[in-house]
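Novice: The structure under discussion is supplied below as structure tokens; questions concerning it will follow.
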Amino acid sequence: MRQSHQLPLVGLLLYSLIPSQLCKICEVHKENYSCLNPLISTMINSKHTRGIQDANVLLSFRLVGIQKQDVEQQLIQHIKDKVARKGSDLTSGQLALIILALGECQNPDKKFIDDYHLVSQLEKKFQEEIENMGAHNGNPLTNYYQLSLDVLALCLFNGSYSIPKVAELFDPENKNYYFGGQFSVDTGAMAVLALTCLEKNVTNGQIKIDSKDLECIDNHIKSLVKKILSEKKENGLIGNIFSTGEAMQALFVSSNYYNESEWDCQQTLDTVLKEISHGTFSIPTAAAQIFPALIGKTYLDVNKDSPCSNNFNISTCESVTPTDSPSNISVHYSVKINETYSTNVTVLNGSFFLDVMTEAQKINETIFSFTMVETSWGPYITSVQGLSANSSKRTYWQLLSEGKPLSQGAGSYLVHDGENLEVRWSKY
Ligand code: CBY
């Protein structure tokens, strides 16, 4: 780096990074930790069968300091089996999450990261994402949420990546931050965490960076934070309830980019606590993603050299499943491609969207056939009538009720009597 570049660089760093030491984090007070018990129960009672859910849960356990030996050992074993069985089939973001989970705090699993060369595997997968963007109109193999996880894991675990490329890719105007024109708060928040990690590594001298790139990254963070804040709702949620935890993390690490008056953290926290008591976080991944922020932690706190902590005395309670009266309900179900194909379906009260799709498929195997894959959030519908979603073309099957997109997946959205449900062939 030339001398003439150093002065403005130092100035920028002093401006942008020193105030972050003073950042205010609102969090649940220790005496109210029992409010978080439903989240712990959901994570402990998870069936460990879904996609990469285990890595989400393990990361959360370690980050917040929940030590429950038997559960932890089971999670670790599942994750290791998964890597051994389908290492190269994992998506880049899945691998990044696994590295974050196995590598957080001083534990014997770090050896596994080295033995299986997980960091260099991630470098390769990140490169493949970029190559796919080159070949397919700027569309990555997965999505920008996963690319952000990749950069975050590479940054925290000393992987290599091109900083100018990252600065170019993560331009806030890039279409990959948007789904159907709507800014994705989850994606923006993860990008802020990743970019902030880069900035931190510049200040602590771990990486050298051109002042032009640093300024560019700094501007990206500023603008992403603005976009995140503009998705704040009246009740304090940011985006929706499932993106709020990650948005909080992003706002914790970027408090020098906005004024105190722009975000009432306590209001957000209160609304989330209310939702916890209503059982909103019944999916282990949902519980795992909200938890760190509630006790003031962020993914930037992942540190391979810090001792593992124990903050929670766990009183395991069994998860309560609501008892449904075994009555039937009837819903209207449509598949929309260009034409609309509809049917009425009768299912048991307490059924999910997926049950409706399964019943419809029994009624007409050709019109209502579908396939799905398990993800950490439950089933994701991959095809209907043989027509498959494709990331390189930004196509997917959107789920709607009364014409409005759902904020839950097919396996967790509870349907109601008389409801109009739809799966619509869409572009994002
Ligand atoms: N994780 C990922 O790769 C997913 C990233 C994510 C931004 C994610 C939300 C956020 C998160 N915290 O994990 C995401 N969804 C993406 C990228 C996508 C796109 C996936 C395709 C791709 N290129 O990778 C896409 C197609 C735009 C998408 N999500 C679709 C859907 C719908 C799924 C319908 C189906 N075919 O099954 C759906 C149901 C929206 C709809 N109405 O159709 C949907 N997503 C929802 C609701 C959600 C939320 C889940 C909430 C819940 N309780 O189930 C979500 C948390 C999430 C998962 N999607 Co997307 C967003 C939110 O509401 N806050 C990394 C990996 C390692 O795990």
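Just so you know, glycine gets a Cβ as well, placed from its N, Cα and C.
These came from TrEMBL, pasted as-is:
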SIGNAL    1-23  signal peptide
DISULFID  C26-C265  disulfide bond
DISULFID  C105-C308  disulfide bond
BINDING   142-146, D186, N240, Q289, 380-381, 397-399, L406, Y428  cyanocob(III)alamin binding site
DISULFID  C155-C197  disulfide bond
DOMAIN    350-427  domain 'Transcobalamin-like C-terminal'
Novice: Using a 6 Å cut-off on Cβ distance, which of the recorded positions T142, C155, C265, Y380, L399, Y428 come close to any atom of ligand 1?
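Specialist: If the test is a Cβ under 6 Å from any atom of ligand 1, the answer is T142, Y380, L399, Y428.
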Novice: Cα-Cα separation of C308 (disulfide bond) and N240 (cyanocob(III)alamin binding site), in Å?
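Specialist: Pair distance, Cα basis, whole Å: 31 Å.
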Novice: Which of the three DSSP states, helix, strand or coil, fits Y380 (cyanocob(III)alamin binding site)?
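Specialist: Its secondary structure by DSSP: strand.
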Novice: About how far apart, in whole Å, are the alpha carbons (Cα) of W397 (cyanocob(III)alamin binding site) and C155 (disulfide bond)?
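Specialist: Taking the Cα atoms only, W397 (cyanocob(III)alamin binding site) lies 34 Å from C155 (disulfide bond).
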Novice: Would you find the one among the binding-site residues T142, Q146, N240 whose Cβ has the most company, meaning other Cβ atoms within 10 Å?
Specialist: Q146
Novice: In three-state terms from DSSP, label Y144 (cyanocob(III)alamin binding site) for me.
Specialist: helix
Novice: So what's the average pLDDT for the domain 'Transcobalamin-like C-terminal' (350-427)?
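Specialist: The answer is 97, the mean pLDDT of the model over that range.
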Novice: For the binding-site residues listed here (Y380, W397, Y428), tell me which residue's CB has the most neighbouring CB atoms inside 10 Å.
Specialist: W397
Novice: Of these disulfide-bonded residues, C26, C197, C308, which scores lowest on Cβ atoms within 10 Å?
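Specialist: Taking C26, C197, C308 as the disulfide-bonded residues, the minimal 10 Å Cβ count falls on C308.
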Novice: Look up C197 (disulfide bond) in the DSSP assignment and reduce it to helix, strand or coil.
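Specialist: Looking at the DSSP assignment, C197 (disulfide bond) belongs to a helix.
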Novice: C105, C155, C265, L399: which of these recorded positions has the highest Cβ count within 10 Å of its own Cβ?
Specialist: C155
